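To start, the structure under review is shown below, and the notes come after it.
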Amino acid sequence: MPTMPLLLAALAALAVLALAARPSPSCSPGPDPSGKCQRLVYTHSATCVDLHLRTCADAAYNHTSFPTPLEHRSWEAVESSPEYMLLGVIHFLLEGQCNPDLRLLGCSVLAPRCEGGHTQRPCRHVCEGLREACQPAFDAIDMAWPYFLDCAQYFAPEEEGCYDPLEELRGELDVEEALPSGLPPTFIRFAHHSYAQMVRVLKRTAARCSQVAKTYSIGRSFEGKDLVVIEFSSRPGQHELMEPEVKLIGNIHGNEVAGREVLIYLAQYLCSEYLLGNPRIQRLLNTTRIHLLPSMNPDGYEVAAAEGAGYNGWTSGRQNAQNLDLNRNFPDLTSEYYRLASTRGVRTDHIPISQYYWWGKVAPETKAIMKWIQTIPFVLSASLHGGDLVVSYPFDFSKNPHEKKMFSPTPDEKMFKLLARAYADVHPMMMDRSENRCGGNFLKRGSIINGADWYSFTGGMSDFNYLHTNCFEITVELGCVKFPPEEALYGLWQQNKEPLLNFLEMVHRGIKGMVTDKYGKPVKNARILVKGIRHDVTTAPDGDYWRLLPPGSHIVIAQAPGYSKVMKRVTIPLRMKKAGRVDFILHPLATGPKNFLPGPSRALPRFQDPQREPTQMDFEPPRARRQPASGSKPWWWAYFTSLSPYKPRWLLKY
């Protein structure tokens, strides 16, 4: 579900621009109560001007013309129009579905393509195909299809001459990408992929395996590139009860490209093997929801790719376009954890974000990741890097801030070591004693290390995952060369294929279950405690939970305000292919709420985040919001209240 503060802020800023420019209405609504524009303006001859719209920066053309089909006659008129504002927030409203396709389709109307002194219309069949695919997403939030994406009015048939506005995004195979005939269906092209090529491969893969895969965007980079994710699940696009969620992230540093390519290959492999009936892959996709983000830093990658492969790109492109190191840009919750851990009776998990964090420079890529992990109940994660050959795990920040190297374990040290070993133990190069190692030689440690014991730093993504959410994340250094040459990519994939699959299967280690009241109603945000491990997980909105646990006997407790706590003993075997099912039924207290350990937000009110991205726990399931009450507006209408008098009433169904 989209976040109200973020969208209101964005729309408020755009509304200020509208008031300052005070343009005339972009079109006359006419007598139609829907507020649709009644006149179309498409000229065959026009004066082409450079395209200067941030939302349309990645369009497949560089020139447009005025007036536009919606009668906009200046950049100010376009940028202050409700149509343009919708394109800026549609990603959030639809939770990443159909983007960037939908945004680029809208750009083709708001800023028509102009070449050689002539405007060109987008193709009708492209619009019709996208509408068919995306209409369910609009229906899910009770939003009408935007009038300016009317396929019959604003788009041209092929016989009249038109262009595909999505060609650069998901177009046909390039000549150099075309696969030779006779190749097996598992063929993967082991080469570096540009941003456009990466998106095309992911979208083609999702289309090929549409029953178990889909793509979506979690946000945009500083330069406007969508952060595209491909997910695999038996029901893609939705969380299934008690199905664990796992994510793999590559290219957080733009010049560390091995993880980017490996995840692109993994997506194709999962799709192909599923279609071929591979029982291991089918079991994995039918019991797990897997999210792959090959490139968290596409802007930095472009800088590194321009310099080329090899050691010469050791630092070029590491940061994002704002010159920020994204793996140092997350809130420093580890320092707060060390402070809390010294106090008995205070929770040290789900630590809120300090308001001071937002006073600094926070990258849009970082914000996108934070919103993502606050929205989806991830259980397990790995961040893929390059430059060494080792698997590290939290904490990454030393418990003594003056020590650059100091063993600093989490309460889940045993589990994190198991996760790290699940990757390293089946990686042939990490276990090869004859291999010349790069950087530090971690073979004596089993090619795993506590992050702070390697080198200490703050603002890392792994520590943030663990201390702010239920998610356990490790960091994998895939090899010595950050930007390997193409001839090394096949070997890189072969070395990491089995470790990746083995790691994904680790999400099923431990226990899972439901927490309900005596009537069977789910208890959301209930706490799952394990005696001897000072780190709790919480239930999702539907009452389901997952708790990664090492082998052994554990006392597990479920509790929630207003209910009596329930305690159970569980035994985790050395080997297990699926998590043990442990349900809890909580009974209400007869004498009022019991005193529980205070959470960090109650113990530390100064750490409440004024710009906090709401988590999934803050929202009812989307199906509960689908139908507005009689006479009321849909929940998303509040996002557009700042646009008076030009509210987009054409988005209302009622």
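Any Cβ shown, glycine's included, is placed from N, Cα and C.
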Among CYS123, CYS127, CYS134, Swiss-Prot lists the disulphide partner of CYS151 as CYS127
Looking only at CYS98, CYS107, CYS114, CYS123, which is named in Swiss-Prot as the disulfide mate of CYS48? CYS114
From candidates HIS118, HIS125, HIS385, Swiss-Prot puts in the same Zn(2+) site as HIS253, GLU256 the residue HIS385
How big is the gap, in Å, between the Cα of CYS134 (disulfide bond) and that of CYS127 (disulfide bond), rounded to a whole number? 10
Across all chains shown, how many C-beta atoms besides its own are within 10 angstroms of the C-beta of CYS123 (disulfide bond)? 23
I'd like the number of other C-beta atoms within 10 A of the C-beta of HIS253 (Zn(2+) binding site), please. 26
Compute the mean position of the Cβ atoms of HIS253, GLU256, HIS385, which form the recorded Zn(2+) site, and then list in sequence order the other residues of that chain whose Cβ is within 8 Å of it. ASN251, ILE252, ASN255, GLY259, ARG318, ASN327, LEU384, GLY386, GLY387, LYS482
Cα-Cα distance linking HIS253 (Zn(2+) binding site) and CYS151 (disulfide bond), given in Å to the nearest integer: 40
For CYS56 (disulfide bond), the number of other Cβ atoms found within 10 Å of its own Cβ: 22
Minimum Cα separation from CYS123 (disulfide bond), reported as the residue among recorded positions ASN62, HIS253, GLU256, ASN286, GLU477 that achieves it: ASN62
Relative to the Cβ of CYS107 (disulfide bond), which residues of the same chain, six or more apart in sequence, are found under 8 Å away? LEU53, THR55, CYS56, ALA59, LEU87, PRO165
